């Protein structure tokens, strides 16, 4: 089994266990880890409410889970000798396709056949043109979502390795800090885009 698969499975198994432990036994005096999880939960909750309102709450487990997987998957790349699963195109493409199929499925489930009306555009005479544009736009989403995460994580790991090999005693900490910033940023981008895509799909009938 390839390392990126092992790392992905590790994240899928370990993170839910840790999250469940802290969710079931919250301390009266919050620990630093508990504070971090609470901040994350509040962030996801606010993001969903801003984009989908109260009806978007049912997507909280999905979006929060994707965010946790991406974050901890990215984070593994900081540890020497470990390969981040998100630095492998197979992983990021699988994630992106998951998001793609989910938001389209939810769009159809919420709006029925009306979901496809937005592909026709606002001007009936221009419908053939809008269909092509909308299809290309939607089909490009999983590709750009996957490539963005893959390229940033792969690039970050390669730069870290090269710099650490060149100047092993002076570079590691600054490089790790930069990589950590990239971990947070790419997780944020992936989660926000996932939320926006789902929101756009389920609210088309309202516009």
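Quick reminder: no glycine exception, Cβ is built from N, Cα and C everywhere.
For 3-23, 62-82, 88-108, 119-139, 158-178, 180-200, the entry in Swiss-Prot reads transmembrane segment.
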Legend entry - Distal contacts, the transmembrane segment (3-23) - CB-CB under 8 A, six or more residues away: 33-34, 37, 65, 68-69, 72-73, 76, 82-85, 87-88, 90-91
Inset, instruction - Six or more residues out from either end of the transmembrane segment (88-108), which same-chain residues have a Cβ under 8 Å from its Cβ atoms? - result: 2, 4, 8, 59, 62, 66, 69-70, 73, 115, 138, 141-143, 145-147, 149-150, 153, 190, 193-194, 197-198, 200-202, 204
